[in-house]
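Student: Dropping the structure in here first, questions after.
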């Protein structure tokens, strides 16, 4: 045990994902633009929800503002480091940096899962029980639900980080991935990882399956309620309200299920799938919510008009 302890790793090298060398500059610029637009788009949504009185009085848009904060944070902890893969300089990530990145990714990711579930429940109450909605989903309750999502997410992230880095890592130090995530890091452990893999599968599986099941159940009830609306315009507006949420949930959950809820492999498709929850989803969320949500578009027009005045 002493020989193992004397050679424990102090840093890791993230190898990134395979790519043609001739596209190095293009990919660097592409993901730099993705990162900048992600931050600007989510910041715009956050400011709009905060400034517009008609939006921040509704729990749905409080949830949307929190989602923007999470998207900005996930993009920040993953994308800048990922972009370094397209430079000529190989910069290792320290052991503590790897722990921090894994913790915050799973903390924010699980919080996002819980938040999507809360947003689906909010839409269920608004469409299926509109008369009781102001009582069942008020500002105080929505704040408590968001706080609960943050606490549950932090516990989940801490559990995964502790279980992953309680193991000894004594070499090699090359993580075949573009960020420190559980499957890639565990391959470097100098100990049996069976328990870790089982706990990871069960823990993440329970979070993803339970949240997705609740979202699915909410939308089954929502669709049933929408189909009972007599006017075509009413049905169109109800579907439009829910369409943005269904789109982002699909883009988020499918890659996560592909990465974590299947037998372990070391496929390049894992890295491609992981780009969706870490880079693509945070980028498209503001676009989807502004293009598919009439109230957000009207709020943006009011804010821009107020600035001009």
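One-based numbering along the chain as shown.
Note: Cβ is positioned from N, Cα and C throughout, glycine not excepted.
Bear in mind that TrEMBL entries carry predicted annotations, made automatically and left uncurated.
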Student: In TrEMBL, which of the ranges 2-25, 26-49 has the transmembrane segment annotation?
Tutor: 26-49
Student: Counting only residues 6+ away from its ends, which parts of the chain sit with a Cβ under 8 Å from the transmembrane segment (26-49)?
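Tutor: For the transmembrane segment (26-49), the list is 19, 55-56, 61-62, 64-65, 68-69, 71-72, 75-76, 79-80, 82-83, 86-87, 279-280, 282-283, 285-287, 289-290, 296, 299-300, 303.
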Student: Check the transmembrane segment (141-163) against the transmembrane segment (61-83) for contact, please; criterion is three or more CB pairs under 8 Å, pairs 6 or more apart in sequence.
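Tutor: Counting Cβ pairs under 8 Å, at least 3, so yes.
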Student: State the non-local partners of the transmembrane segment (273-291) in its own chain: residues 6+ outside its ends, Cβ under 8 Å from one of its Cβ atoms.
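Tutor: Distal contacts: 31, 34-35, 37-38, 41-42, 44-45, 64, 67-68, 71-72, 74-75, 78-79, 82, 105, 109, 177-179, 181, 244, 247-248, 251-252, 254-256, 258-259, 297, 300.
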Student: When you scan the chain for residues with a C-beta under 8 Å from the transmembrane segment (61-83), skipping those not six or more beyond its ends, what do you find?
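Tutor: Sequence-remote neighbours of the transmembrane segment (61-83) are 14, 16, 28, 31-32, 34-35, 38-39, 42-43, 45-46, 49-50, 55, 93, 101, 104-105, 108-109, 111-112, 115, 118-119, 122, 139, 142-143, 146, 178-179, 277-279, 281-283, 285-286, 289, 295-296.
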